[in-house]
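The region 'Disordered' feature in TrEMBL is assigned to 30-52. Under the heading domain 'C2H2-type', TrEMBL lists 115-142, 143-170, 171-198, 199-226, 227-254, 255-282, 283-310, 311-338, 339-364.
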């Protein structure tokens, strides 16, 4: 049958929908009852307890109503989802809008999200959910860790946090057995095994397994440099880059070669240096087969085949294949002579000019 131009379902269909919704929320009620585990609420009211009149049993609900009078099934003051009173509650009820609508068209209290936050318009199935959500806007953090006192908005957050103290790691990778304290860390880890890379750069199409890596990568395109050296003001795209850079100022060289004892500020420099001892040349030119110990050496070499000269002097327009050649050339225009003889003090623009000069003093 139809009423007011909209189809109205039978009483049996309505009751079935209500019972299905109640069954769905039974599990939610069990979960909510466990929220107090290990918690030290700052306010007793934050536990979400409801006092006073008991919620009616499902069979006691009037599922009929007076449809001809415009009353909808479920217009009682009880939320079937949470079994909670929705009228006369103290707290943030003024910040909540109860959306109403017909069960028949799927927009109603029982099948939709009737409770709407008036701050951000987000909607929820249960009144208790919107109350918890509003802690984001109020800044209230009622759930406190009993070990360190750190406070959280949601009870589930403090439960996860406490695994730091008790060492619990319930989420185990079935592939390698590595365990994690939080489920999302396991999900991210499993992408190592599956090869999944769901985060794609919109600029160049490069994909990443971690969202944080994609965000950091995009700074290459935007030019954003968030991290600044407190010593010299130089800025960097990644925080790890500024940490490595600051070793220049501190003189820190934590990476030491076991063969000769030479130390480096960056692990990549140590790896490159060790090829002096091993003779490893992993970078091979596909045109002539010549091999190099560093990828940068191969890149410069390949310009012999391609004819590319990317470094152009702004003073005379001369271009160079290698950055080192470009810097040497610029000393012609600047007059810089960084190589000084320790015997007589004479300075030279190029290092091999100093080597030739030292023969005057009898040095080999």
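Note that Cβ sites are derived from N, Cα and C of the backbone, with glycine treated the same way.
Beyond the ends of the domain 'C2H2-type' (171-198), by six or more residues, the same chain brings 160, 163-164, 207-210 to within a C-beta distance below 8 angstroms of the stretch. Taken residue by residue, the domain 'C2H2-type' (143-170) breaks down under DSSP into 11 helix, 5 strand, 12 coil.
Over the domain 'C2H2-type' (115-142), the average per-residue pLDDT in this prediction is 82.
Look at the domain 'C2H2-type' (227-254): DSSP puts its residues at 12 helix, 4 strand, 12 coil.
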